[in-house]
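Participant: Take this structure first; my questions come after.
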Amino acid sequence: MSKHLQRASLRVVNLSGHALDNSIRIPDEDFDDGEYSPTQDNKEPLEEQWNEQQVFLTRKLTPLRGRTLGFLESSSTFRLRFYGFLSHPWTEPLILCLIILTACVLISQASHSVLLPSDQSMPTSLKGFFFAWEDYVLFGLFTLFTFEAIARICVSGFLLDPEVPISAFFVNEPSSRAHIRNPSQPTFFSRALRSDQTPSDVISLPFRLNIDNARDKVYRNMPYLRQSWGRIDFIAILSFWLSFALAMAGVERGSHHVAAFRAMTVLRIARLLAITSGTTTIMQSLKIARPLLTNVAYFVVFAAVLFSIIGIQSFKGSFRRNCYLQPTLGENQTQISQSCGGYIDPGTLNVSPYLQLDGTSASAAKGYICPLGQVCQEGDNPNNGIQSFDNIYYAALQVVVVTSANGWSSIMYSIIDAEFFISCFYFIVCILVLNIWLINLFVAVITNSFSAIRADTQKSAFGAAPLGLVVEEQEEGWSDGKHISQSNSLKEFYTHTRWCWVFLALTSLVVQATASADMSDMHQQILDKSELALTVAFDIEIIMRIVAELPAWRRFFQHGNNWLDLVLAVGSSVIQIPAIHNSELYPWLTIFQLGRFYRVILEFPRMKPLMASLLTVFGNLYGLVNMTLFLLLVNLLAALVCVELIRGDMNDSIGLNFGQLWNSFLAMYQIFSSENWTNVLYSTAIAEISLGQAVIVIIFLCSWLIFANFIVMQMFIAVIHENFSVAEETKKSKQASDYWVQHHPQRVTHNSWTRKLNPYRWIKADPVRVKVENLPSNLVLPMQKTLVQDYGVVRQHNRNGAGARHLPSKSLTMLQQLFSGTTDSNDVPLADLRQSRRESTAVQKEETERYLDILAKAGNGTDTTENDHDEHSERKAQKADFIIDHPTYDKTFWLFSQEDRLRNMCQKVVKPAGGERLFGAPPSDVAHTLFQLMILLTVLGGIITEGVATPLYRRNYYMEHGMVRGTWFNIAEIALGVPLLVEFIIKIIADGFLFTPNAYVKSIWNILDFIILIGILVNLSFTLIFVSGLTRFIHALKALRALRLVTLIEKMRNTFESLIISGVTRILDAAILAILYLIPFSVWGVNIFAGLMNECNDTSVQGLDDCTNEFVNTIYGTSFGYLAPRAWDNPSPSTTFSFDNFRSSMLILFEIVSLEGWIDVMLASMNITGKNQQPRVDASQINAIFFVIYNLLGGVVILTLFVSIIIGNFSSKTGSAFLTQPQREWIDLQKLIKRQKPSKRPQTRPTQLLRGWCYDRAIHKHGWWTRMMTCFFVVQIIVLMFVPLSFLVSDELIYDFSLIITTMYVVDIAVRFYGVGWRSFRANGWNLFDVVVAGGSFITTLVVRFGYMGFAVEQLQKLFLVSIAFKLVQRTNSLNQLFKTVMASLPVILNLLGLWFILFIFFAIMYMEVFGLTKWYSAETHTQNYQTMGSALVMLAFMSTGEGWNQYMHDFALAYPRCTINTSGLVETDCGSTAWAFSLFIAWNLLSMYIFVNMFTGVVVQNFSYVFQSTGGAKAITREEIRSFKKTWAEYSNPKTGLLEQRRLVPFLGKLNGIFEVRIYPTEYSVPSIVSTCKDLRKIATKAGTKVETTLNPRKVNKVLRKVDFDIIKQRRAVYCRLFHEASIIDSHRKGISFTDMLFLLAHHKLIVDRDALELKDLIVRQGTNKLVSDLVNLDRVRSLLKMISLRRRYLAKREMTLSAQRDIPAIQVDPAPSTPPPLTRDITSPRSDHGRLDNSPSSPTPSPRTLGPSPELNAWDHSFRSSLQRSRRTSDVSMLSADMGHGYWRDSSLDIGDQEGIVSSMQRSIWGGTLSASEI
């Protein structure tokens, strides 16, 4: 049997059920290739390990387990035979062949086109199953599949494990807990289905082939439905037999269709998705990411349901209202596709409200007012009632459409016309929240999960190819390590003529690009001859290159470009054969000639790095090819399902009608791209309404959109982003280099243009100053520093501090942060820490304080800071020297010196450019902030003026008042422009313009301000001189005011710089790549479609010859016909396009690369019937291949390339690109910790009965009261969802029910408020949310129920009621975690939104000024135009998602003679501008759609921490753990300050449990636990009776103590000691430790490894802290030792004195320094002296003298003590100290205080060791 067939069968058939279910991948190559290494005791090759006979014998020797189906024993002959059949080596390959045959039969069956005849409205009913040969084959195949399924069920069981009896279903096991079950306890199903269980501590990873694990799965005979593929197979087989039964009964295709079961039979071939190892890997990667994707999907669904409820409450019935054209000539009333809210009454000519379904008028008119002759009335909803917000199902469908960001603009404008203009905010917010924000969570999950897979496995998540494959190019003339001399004249000739061949490749493309639809025969002949000559030339080149390599001709085929050039040359030669050249296939084959263009790209210097980046993006193409294959396979599977479900139900008038497989494939691919996918959705749903399958079709198509567009499309981003990521091993080196650059800035070697042009560099200086040439070098710099200080240089932080004290209120502080940002730093230098501790009162430990003082002085951080300060001071000194050398250099305009009062006043108002001022006045915080506020108000005023005085307003104003200059808007623009000019003058007076130290032009933001100012001045000047403004450009300059918001606001500046400026180079590279990609496709499109897409506007003609004269055209139905001339022109479904020449071809391909309009172009190509022939629907469906290829490579790859580049730019700028996974986990854990706040609940339960009850209800998060309230909230949400069914009940009843719910809500708030008190209540943000929502709901419901029924009050009531749904977020752990994660990225998103909104305003003003008076054309309406600021902003909003931007671009390119040109003034012209239209629309498309929208993706991906919370250190921090910590904190912290005081630190640490537990001994080894475990109860008979006595069993105690792992206890003690001392360090001013600091402290010691998790800059700081903690721990150990020795000496001295007094023995005085050792005597006072006596070695040091006196206190600084401490254990027992240490401490096991050598080394390493050494000297 073939090895490849065996591997494929193992992947696809998988009888043992292990390949996908257990993360095992069957490789395509042997194990000995380096992909898998067997164990040392198993060295057989792969063929031997997977030998068929061995596997068969292994399975035979394995007995079957248990009983399957309740009656088949393991010894059953029937079951054993089935087992033998399934174990046969040929079974799996046979089943694989049957699955492939099934796929072929289904494809053959689906290839026949079946459509609904045009003269029928319903398909013909059919009875029976067998109508073609495919039906018979499928019947046989599924019979075999059924037999296989039965065999597998008999062998392995159906659902239950074979060892679990069926009676287990009917036996109730007693539960140990009545209410709460420990999640670790197995349930019945987990025990019954235990064959699929995985140990909790085992993380299943892909790409690790574990044969033992796989065979274990085979041994255990996993039940059939416990396998993923088994469940899918069961559904497919069961569905087939159900469809067979329905077909035979005539029900499947009767009056109603039941084709769902037939469609699900296609799932049998879904196993082919695992046909290759690459697709298998992708599926497994998706399976690993599935839990996270599911959680994100829950959150997105929750948000979508909220928007659906809001849509129901706000827009119910809005789609029903349309304008109806009243009959005038006896025709029927004609419905116009125009939503409305009122009409003009023909009798009174007043506005009347719309007519309801019952014929009565509504309460008020709103929205669009139908003109005279039309009536606004309610009817059916669009698309046969499917498009509406009338119930939760239809509303959810509309939310899905809006979320897809395709087709939503038409819905929004319909609602605007039916309701109010403010309704657009609903859709814009829905797009922002769902599409731009939450849907990008899928990108974040896939990207981060696949990156984690890559990091864990060192394999790509999209295939088995190893990462970082680099093929080293061999040196020329070397092959396999052998030198081959290939220097010949032919090779040298080719080397010198290489540029000629590149030029010929360019010539080939240029020649073909000259082709057009109307070129002459001579031009065609020139093209043919030129192509033939070029083909021959490139053939000669290939032959020359091969001959040049002789005799080593094989070297030619070792390079990929040689292979590519050979294929292109052979292909180009073959297509020159006349039979092929003259065929219809030739235009398609010109791709061989166009492929030569890649050689041109590689020759340009700028293109080489671009192509290198391209290769970096695509890597080795393995992952991209696998992803493309997976997409095509999944799309094919979905197409087959749709063919079986829909085929034959639609007629041929619809292009994508699912009539056959290719058509269905294109339809599903269209939904994948999301372009106009609602056309497919509504057309199929409308066709299936009468057949009863509309719901199934809608659900399937929406599910396919969600999976394909939201999941599969994002996987392309992940596969490209995978190649951008930095290798894990290089990240830390990159961090080190960045850290070095930041802390050791290099001097700039290049000079700026202002420095090069500075005339003072060439002027000889002649200052009067001190000559320092002869002074020592070390004195020059200090003198310069002093010189700088003498001239008033003040340190910047001192200025800020001084200025901040003058701020009178918080408002100015907020404004200062708005304009200048926050300059405060959270970093506290060690010296400051030392200083603060020195200033602290109540010093308790003088030694520790002294140690901190010494350590702070000796720290490296101080030296580094001082060095940085020296470098900074040196630069300032050099700058000051230059200024002093050239006195006029620092005089602005050579007039204003630094002592000038006017200049000083100006300097106080503005900040300098290019750094701080060395001389002059520093900027005043108050004056600068107020001046910036004035400029901000000026800019806002100018924007408001532009928004009011639009071109349309100005035209009407001039028509009414005449062409006057003194209009109010001109005066306002001048008044609002003068402050900007004044600001410029102040800045240049303060610091100069060009050649000064802080010149105006030294800031990029000043340059931008200057450009804006020039533009405004030009606009104002020309507007005053020429009232009309002359040109559009003059008016467009008004938009520059909006850009001042970027330069004014600090966050906008930072965002603009970090996201736009820093990544502009790579973005331009991607744009160039896209353009280069367009060029060959544009030429290819001309070759294929030139002149073939033209059509006649009269669809009844056959071709160009008939397209003459006039025809009767109608607009609304068949009424109001009029004559129109026939025209043969390019198609215009939405915008006019063609492939008739290179320019038009490149334009349309550029438009559709944004995925907008490509379906219209593809459908036009599919309708081609021939040149000069009228198109026919689906006449040439094969032409769609061109657009599928172009869209797949362009619309998918190019767009995702932009996303990946922007994600890479953002991550590089923020530094996250160089973070390792543990570092990212730590950052995410920090975010989680910072979000936590301590609980403010009372420490003790109130004693009052009622308040105590309320307190219990408030603090029990899972009590009955909380559950009851949650049920109320859920019921309220359900009522809001199904409010359209209110016709069953009255509105009053619904209002009463809502009033009851809100009343209970208010009662719940009152209970919690009364229980915990105001202080605790207000500390929780959710409680404040409850007060607002509950109060608002209660009040508005009362008003609506019993009072005023106004629109505003009603909408406000609905908003409050819908807001109740957010309570479910609070009470659901998964939603709460995701909500907090999403909110964590909110600040960055708001900054980006602010910058985006400024860009909106800028382009809106520009669009208004340029196109505000342009005549409407095909797409413009009264709401879709650029006449007002609001409509322009909304237009820009939906164009940002790619909606119809190209159609509007062509509309506003309107030119004469289709418009009016009035030379008297621009205000009278209604023409557009081709140049402005193409420039503005393409610029907005690139900036907004390609860059900004993708920036949101980058922001969400980089700020998404949920992935790492589930995989990193935070995975164990559940809400219950946090709540337990908060409870412990509330118990021990100071209720007034909220801090944990040091005196309560020890009991606090002892109370912690769970992940934060830091006790030295675990709970089971605590004294109370040991006592309770080791107690013995003994009955003792007494006179009073039997008494039970409790005694401690020593045996049990010893047994328990023997289980203690003392190594672990030592580690726990070390953690505890370090934690305690670090907590003492961060105890600020002895007041206590904050909640967040304690969490961070516990995280450092319990959750992370500092070396892995911290960045280098943080690690350096942390190492300093760790060193301090280590020294304090060592100090504490030394002090403990000294204290123990002292106390022991006191005890021994006291005991000796007591014994001496009893025996009346006089005290013996010993000389302090005997010259010779005294004779050895026995110390009778030393315990264990008999066991510890040692001889004194002659080489040992002189023993320390023993001093007996009244004060035996040990002097720590005594040299003799240090000598005795460092002495070995061989000491004399003459000395009391030596006796004490030698006998009492070192040898007494009862006094074990740790590692004795460690204590000595600790003393030597500590600060005390140094002090002792100093005392010796």
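First residue shown is number 1, and so on along the chain.
Note: Cβ is positioned from N, Cα and C throughout, glycine not excepted.
I grabbed these lines from TrEMBL:
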type	residues	note
COMPBIAS	866-877	compositional bias 'Basic and acidic residues'
DOMAIN	88-457	domain 'Ion transport'
DOMAIN	499-731	domain 'Ion transport'
DOMAIN	928-1214	domain 'Ion transport'
DOMAIN	1264-1509	domain 'Ion transport'
REGION	24-44	region 'Disordered'
REGION	857-877	region 'Disordered'
REGION	1703-1757	region 'Disordered'
TRANSMEM	94-116	transmembrane segment
TRANSMEM	232-251	transmembrane segment
TRANSMEM	292-312	transmembrane segment
TRANSMEM	392-414	transmembrane segment
TRANSMEM	499-517	transmembrane segment
TRANSMEM	930-949	transmembrane segment
TRANSMEM	1010-1034	transmembrane segment
TRANSMEM	1142-1163	transmembrane segment
TRANSMEM	1294-1314	transmembrane segment
TRANSMEM	1326-1348	transmembrane segment
TRANSMEM	1388-1408	transmembrane segment
TRANSMEM	1475-1493	transmembrane segment
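What's the neighbourhood like for these features in this structure?
Facilitator: The average pLDDT the prediction assigns to the domain 'Ion transport' (88-457) is 81.
Here the transmembrane segment (392-414) has Cβ contacts under 8 Å with residues 304-305, 307-309, 311-312, 318-319, 339, 381-382, 386, 423-424, 427-428, 430-431, 434-435, 439, 674-678, 698, 702, 705-706, 709, 1281-1282, 1284, 1421, 1423-1424, 1434, 1438, 1441-1444 of the same chain, all six or more residues outside its ends.
Residues 523, 527, 530-531, 534, 537-538, 541, 590, 593-594, 596-597, 599-600, 603, 1079-1080, 1082-1083, 1086-1087, 1090-1091, 1138-1142 of the same chain, all 6+ positions outside the transmembrane segment (499-517), place their C-beta atoms under 8 angstroms from a C-beta of that stretch.
Taking Cβ pairs closer than 8 Å, the transmembrane segment (930-949) reaches residues 812, 815, 819, 909-910, 957, 969, 972-973, 976-977, 979-980, 983, 1038-1039, 1041-1042, 1044-1045, 1048, 1401, 1405, 1408, 1428-1429 in its own chain, all 6 or more past its ends.
Long-range contacts of the transmembrane segment (1142-1163) within the same chain: residues 513-516, 655-656, 666, 670, 673-676, 679, 1074, 1078-1079, 1081-1083, 1085-1086, 1131, 1133-1135, 1183-1184, 1187-1188, 1190-1191, 1194-1195, 1198-1199, 1442-1447, 1482, 1485, 1489-1490, each at least 6 residues beyond the stretch ends and with a Cβ under 8 Å from a Cβ of the stretch.
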Participant: Near the transmembrane segment (94-116), which same-chain residues lie under 8 Å Cβ to Cβ, leaving out any that are not at least 6 residues past its ends?
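Facilitator: Same-chain residues near the transmembrane segment (94-116) but 6 or more away: 5, 8-9, 12-13, 15, 123, 132, 134-135, 137-138, 141, 144-145, 148, 266, 268-269, 271-272, 639-640, 643-644, 647-652, 657, 659-664, 687.
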